[in-house]
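Novice: According to Swiss-Prot, the record shows the following:
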type: DOMAIN; residues: 272-486; note: domain 'Helicase ATP-binding'
type: BINDING; residues: 285, 286, 287, 288, 289, 290, 291, 292; note: ATP binding site
type: REGION; residues: 308-343; note: region 'Disordered'
type: MOTIF; residues: 437-440; note: motif 'DEAH box'
type: ZN_FING; residues: 635-674; note: zinc finger
type: REGION; residues: 681-703; note: region 'Disordered'
type: DOMAIN; residues: 711-876; note: domain 'Helicase C-terminal'
């Protein structure tokens, strides 16, 4: 990486308004209930559950009976692993623990007396439990069967767990007992390894090896009746693989036929019924390799004939794109303006297809909808595919209406809203295929949007993402749940078969995951030179703050250090959550422009008590002001961008739906600070500011350019001197900063476009189209929100990228860069990261590197601290304490 020269700014600066909220989920550490993954209120428990799995050790097992067998149809065999799932909303026993077999069929419940002892420790993430039936089920008792429940806990909690089990009247058989070695516990006891460092790509190593053994993937040509564009060779091979996965009748991984039965080799489950084939998988090609066109080609086969192998193809056809049917004039109907002639699909064209099914549901973030529309217009013959936009207040509620279309486009947010709707047509519909675009969006299995997509009905399921792993292997669990790949779709099986062995350095975990991903996934990267992309360079531009900026920054950082150190010393960092997020936020904003942090937002509270907005209206006002300038924050419950924002009296911010579900508990507590919470403690945040895309930034202007703005202008003018027609993208996390940049850049003679999260989908699509229009010449600069532009859109018209402020998750920045460096890019791409010297931004870069190292060592044994989130130690580093 090359380092550019320093820039110095004018010394005369003034201050104006307001910051955005950030950093909302980074301190979530309170223990929450480990509830049913898809049928219970959402809690921020995934991270704690994952940590417990990775760091826990087998301390022994207890013998318990599985009861209620006559009420359930699930079959169970001897020496078979079973899934244990907490069921806190059970109307008969809130300590209930369900027992599931490998095929997700319920067998029964753990007997009440044992569940009463174990459930509280499961809910508090003190223990993780796994079950195994020790011997062949006897016919002498139809109502119960013994089960060994293996108890895992962190070393420091083992004494407490043992005493709790003993006080509950249970007998814990530990490793020191003679009977331990003679029991079935040895089947599941994990042998500790050395915690070898393994890169994320090792998961996909077996995928590459399989491809090499088979030779090149079998290529397929798309139906020319639908697809008018020529596919690259790797896209044709990808299409062939997709078709094979959908038509394959092979046994799923880890299943084999033996003595007339079907055996799962991991769990020892036997059945005389052949397991259903997996029709779908994970399409994990690198960002920018043309996955969307490949998927459209797959959909085209629903309309026209059998897949053909690779043959010389005709020239692309001319024509305009499909019409997109957005929504009906009134709720309940969506009229199509196209009359369509269809060819009937033979039943043998698609194995196992219900001939009444023809519709593919595509779920994506709002910013990606425009990319699908553009790809449809560019690559498909007009009038062939009928597309319905299921988004907005006037979307249809008629299932029969949706069945008329080939493609239904919707967003994760739309589906999350409909989770509780009994009459949701999307939930009623039996889809031919569901495609989750940017599928890493559901990496938190507890999130509302994750639960709802996993419940949808479809014959084929595809998880599509260029970043299948962002934090660690646990990100893949939610994909297994969506794909309904049993037994890995059951969390307890995933933990015992994959997660714990990986975390403890056991080679079995990695080999199982490699076999799994080799079977159901395809991943090709840009480094494999599948397409001739021009080179990309990354540079860092360090900016010196002006004397006035330096004086203010040093003063505020000094005050902030004292506040944070005091909170740490008093153990009250979590109780003053909003203070900490405000401190980090304001220091980062000062690095961009002092006007982002006006005088009224430059004071820090030093209280060590729980913050209460009812007694401090100024605190509520500051939180509201912070929200109004921002979009790059997540609800700490669902780990997703919040909808219908609620501020609690303890100064925490959540989605309305998430926090209202928390209030349904008998003794509701704030998920972050554990303070008591009632409905009267909730405050509605005001709606986001209206889209000001028609303004020129006058309302947000600063009287004098900041150091960073001056540096950016110098870089842009130098680029313009090299090539007057260069198009550039400037990314920032602060919407207010984008507005501030408009006036000086326009004054310098640049044509300005803006793309941020406050815009409607229609407006975003319009801006992206205008930026990519070759007729728009001259020096053009797109001011883009980092998060709103980070996925799914095509900005290949640009060749210069400026990251105006850094973000500690490097994957977010890489996703943004891949909007420019992807298929269709003809020019060399230069990306410049702008960093304020001697500031928190330099420490953010260090944190980025830490997270990159973690991504490259995702399967090493976990340390006691949480390495995937910004924790207390990270705060110490960011504040340079």
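Glycine too: its Cβ is placed from the backbone N, Cα and C atoms.
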Novice: Cβ within 8 Å of the ATP site's Cβ centroid: which residues qualify beyond 285, 286, 287, 288, 289, 290, 291, 292?
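Specialist: Sorted by sequence, the hits are 466, 822, 823.
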Novice: Looking only at the domain 'Helicase ATP-binding' (272-486), what is the model's average confidence as pLDDT?
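Specialist: Average per-residue pLDDT within the domain 'Helicase ATP-binding' (272-486): 75.
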Novice: Among the binding-site residues listed here, 285, 286, whose Cβ has the fewest other Cβ atoms inside 10 Å?
Specialist: 286
Novice: Comparing the binding-site residues 287, 289, which residue's C-beta has the most other C-beta atoms within 10 angstroms in this structure?
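Specialist: Its Cβ has the most other Cβ atoms within 10 Å: 289.
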Novice: Using DSSP and collapsing to three states, where does residue 291 (ATP binding site) fall: helix, strand or coil?
Specialist: helix
Novice: According to DSSP, how is the motif 'DEAH box' (437-440) divided among helix, strand and coil residues?
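Specialist: Secondary-structure composition of the motif 'DEAH box' (437-440): 2 helix, 1 strand, 1 coil.
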Novice: Quick one: give me the count of other CB atoms within 10 A of the CB of residue 290 (ATP binding site).
Specialist: 21
Novice: Provide the number of Cβ atoms within 10 Å of the Cβ of residue 288 (ATP binding site), excluding the reference atom itself.
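Specialist: Residue 288 (ATP binding site): 21 neighbouring Cβ atoms within 10 Å.
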